[in-house]
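Asker: Can you read through this structure? Questions will come right after.
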Amino acid sequence: MSWNIQQAIKLLVLLILMGYFMIWIMMPTNTFYLHWLPHLYAKLNSTYLGQQGSNILIYTFPVLFIATLGCIFLHLVKYANVHDERTSKGTRFDSWSRPAIMKGPLGIVSWIELCFLFMFTALLIWSISSYTHGMFKTITRQSAAMMGVKVWQAKLQNVALMLGLVGNICLAFLFFPVTRGSSILRLFGLTSESSVKYHIWLGHAVMALFTAHGLCFIIFWADTHQLSIMLEWNKVGISIVAGEVSLLAGIAMWMTSFPRIRRKLFELFFYTHHLYIIFVVFFVFHVGFTYSCITLPGFYLFLIDRYLRFLQSQQCVCLVSARVLPCQAVELNFSKSPGLWYNPTSSVFINVPSISKLQWHPFTVTSNSNMEPEKLSIVIKSEGKWSQKLFEKLSSTTPGHHLQVSLEGPYGPSSTQFLRHDMLVMVSGGSGITPFISIIRELIYIAGSTGCKIPKVLLVAAFKKSTDLAMLELLLPLSGTNYNMSRLQIQIEAYVTRETEPLKDNQKFLKTLWLKPNASERPVSAVLGQNNWLWLGAVITSSFIMFLLLIAILNHYYIYPIDHNTGMIYSYSERAALSMLLLCVSIAVTASAAFVWNKKQKAKVQIQNNDIPTPMTSPGTGSWFNNADIELESLPFQTFTRATQVHYGVRPNLKSMLSLNSLLLLLLAKKHKYIILMNYLIFSFLKHRDICFAEIVTECEESNVGVIVSGRRRMKQEIATICSSCVGTNLHFESISFSW
């Protein structure tokens with residue numbers, strides 16, 4: 001029954017999407033504007049919603065309905081057999097995820113992304129040509145003379161208008177990729193993290209079109225001696241000043257978003273990007289709320305998501321303990337609600353007010369939601385000013401101390417497919433090991449609690465110094481594990497590249513520190529969405545209904561008696577301001593009510609756990625994680641001792657490693673293998689030519705090798721370029737989150 005409902009939802013979503021995109025295709029035509037739209041306005045016109053009611057029905061309702069259907073669909077598949085999904089073979093669409101473009105301003109683009117990019121570009125070209133043809137057809141010498149302008153000036157004015165209309169198409173999709181808890185992204189197998197590049201592409205397109213739109217109008221006004229019009233804020237119709245303010249805010253965001261500025265002055269980019277509020281608000285003032293309904297759906301869903309994230313971030317979470325590593329890294333262990341579930345390689349954003357009240361930093365979740373139902377862990381390596389201050393604060397903290405932390409998330413992939421392969425090869429450098437910690441803990445859980453087949457594991461970890469070997473301590477959780485790991489076949493090859501031998505006099509220790517939470521702090525729990533899809537769907541639906549009711553009351557009893565749906569009397573700006581206010585009120589009221597209700601329900605469940613005192617000492621003297629300091633010579637600890645080899649003074653040479661030669665034989669003998677490559681280490685291999693990645697891939701081209709590349713864009717492009725020479729290989733590229 002559940003499967004039938006899922007298929008019905010998919011079919012319904014497909015039909016709605018086809019109709020929605022047909023509207024975008026027909027919008028630039030005279031058929032749409034001169035026949036379809038006036039007919040709809042005549043049929044749907046009323047004293048309650050007026051013309052904006054028609055635009056809401058045409059442009060806004062379909063997308064919000066899809067978002068609600070997506071919430072229902074995700075709720076139905078949430079409790080599906082996870083392990084069956086993960087051990088399934090590849091689908092017919094796997095080859096579409098292979099990289100089609102490796103170099104260029106767009107980065108790595110898969111075939112399926114290239115197809116959608118081509119279709120979207122075709123839509124823009126079609127819109128430009130259709131708008132231009134329709135506008136130019138009506139321009140003659142007589143019509144231009146009646147307007148008091150030349151023919152080329154009339155055409156320039158129409159080109160400026162056309163650029164603004166086409167820019168609205170890009171703006172309509174701009175906010176979808178950055179909605180972190182989006183049901184629409186999950187419905188299509190995407191995450192916000194993997195979709196950020198679409199936001200970048202759309203952002204450049206939006207600002208290029210809008211900037212050209214503004215410049216063309218300025219040239220037209222200057223040549224026709226109408227520059228004074230730039231200071232007008234009309235009561236009815238287009239507001240020029242509002243458009244200028246919106247454009248200036250957009251240009252400020254655009255200029256600071258280019259890679260050179262963003263990487264060197266990230267805080268400038270981050271804070272400047274908050275000008276999106278001014279950009280959107282004054283855009284609505286510029287075109288009026290009725291027309292802005294075209295671009296409303298994406299921003300509406302983003303606003304719901306942003307407000308829910310704000311509610312979650314205002315809560316202080318319960319930080320139970322911290323492990324301080326000698327390599328200047330710390331593991332933070334938070335108490336979490338047992339109902340909170342997430343996949344390996346998920347990430348969270350954290351804020352420590354005592355260091356900075358404004359800065360939020362993303363980190364990989366290293367804990368496993370199945371193995372550790374009441375704990376969420378992250379690892380932070382001291383590599384910047386913020387992380388250095390955090391390490392120093394925890395290093396000087398005494399047991400029983402309190403550290404206030406706020407958390408947002410977790411966010412991560414909707415599913416993980418690596419378990420369908422026979423072998424996992426994980427290559428990491430430094431803190432790049434953090435995503436693998438959650439994967440290994442997931443494998444430990446599956447090996448000890450299910451009968452599922454699990455892949456063999458080869459972990460190749462490179463570190464600069466021997467103190468960095470302490471990162472291997474984190475492969476098991478703080479409380480240890482009771483799972484039977486005999487079925488887990490793991491081999492760990494650890495490399496210390498800047499030291500030729502162990503430092504015998506190095507007496508640095510790993511320290512476990514138990515912290516004392518405040519009574520007001522709560523375990524990490526899911527905000528609406530992710531783990532509460534039905535609640536998110538209820539918020540979307542109820543807020544939209546409330547918004548329509550408030551707009552209907554406002555229009556029927558206040559605006560209509562003045563304007564009578566003529567659009568020529570009541571101020572556009574006042575209508576826009578009131579509409580935006582009612583929209584924000586609707587979202588705030590419904591989302592807050594749902595959030596408070598969920599919080600009360602969770603408090604009832606957690607009240608017994610809150611009465612249990614926080615331990616001030618380690619829970620057992622026999623544990624490998626007691627409060628006594630652990631000497632470095634014991635690393636990696638008990639469970640992985642026999643499977644670990646530590647090499648000093650050399651870099652990993654995968655091509656000549658005996659273990660990899662055995663792996664290559666295995667890869668040639670069987671199919672559906674998996675190779676995971678991590679951050680700077682692979683780039684180092686390529687740079688120093690310690691490994692010829694192309695040769696290895698060529699040897700394995702008959703084995704359906706999947707490649708996950710995570711790290712900086714230039715490293716991904718380098719690897720993808722090398723792999724592109726391996727004709728016939730089935731390479732799958734995607735990114736997984738990790739701590740920088």
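Quick reminder: no glycine exception, Cβ is built from N, Cα and C everywhere.
TrEMBL feature annotations, pasted as is:
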{"type": "TRANSMEM", "residues": "12-36", "note": "transmembrane segment"}
{"type": "TRANSMEM", "residues": "56-77", "note": "transmembrane segment"}
{"type": "TRANSMEM", "residues": "106-128", "note": "transmembrane segment"}
{"type": "TRANSMEM", "residues": "159-178", "note": "transmembrane segment"}
{"type": "TRANSMEM", "residues": "198-221", "note": "transmembrane segment"}
{"type": "TRANSMEM", "residues": "233-255", "note": "transmembrane segment"}
{"type": "TRANSMEM", "residues": "275-303", "note": "transmembrane segment"}
{"type": "DOMAIN", "residues": "312-417", "note": "domain 'FAD-binding FR-type'"}
{"type": "TRANSMEM", "residues": "533-558", "note": "transmembrane segment"}
{"type": "TRANSMEM", "residues": "578-597", "note": "transmembrane segment"}
Asker: When only pairs 6 or more apart in sequence are counted, do the transmembrane segment (275-303) and the transmembrane segment (159-178) reach 3 or more Cβ pairs under 8 Å?
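Answerer: Contact between the transmembrane segment (275-303) and the transmembrane segment (159-178): present.
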Asker: So, by DSSP, how many helix, strand and coil residues make up the domain 'FAD-binding FR-type' (312-417)?
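Answerer: Helix/strand/coil tally for the domain 'FAD-binding FR-type' (312-417): 13 helix, 41 strand, 52 coil.
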Asker: Three or more CB pairs closer than 8 Å, sequence separation of 6 or more: does that hold for the transmembrane segment (533-558) against the transmembrane segment (578-597)?
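Answerer: With 3 or more qualifying Cβ pairs, these stretches touch.
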Asker: Checking distant contacts: for the transmembrane segment (233-255), what same-chain residues at least six beyond its ends satisfy Cβ-Cβ under 8 A?
Answerer: 203-204, 206-207, 210-211, 214, 261, 272-273, 275-276, 278-283, 285-288, 567-569, 571-573
Asker: Determine the mean pLDDT over the domain 'FAD-binding FR-type' (312-417), rounding to the nearest whole number.
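Answerer: So the average pLDDT across the domain 'FAD-binding FR-type' (312-417) works out to 84.
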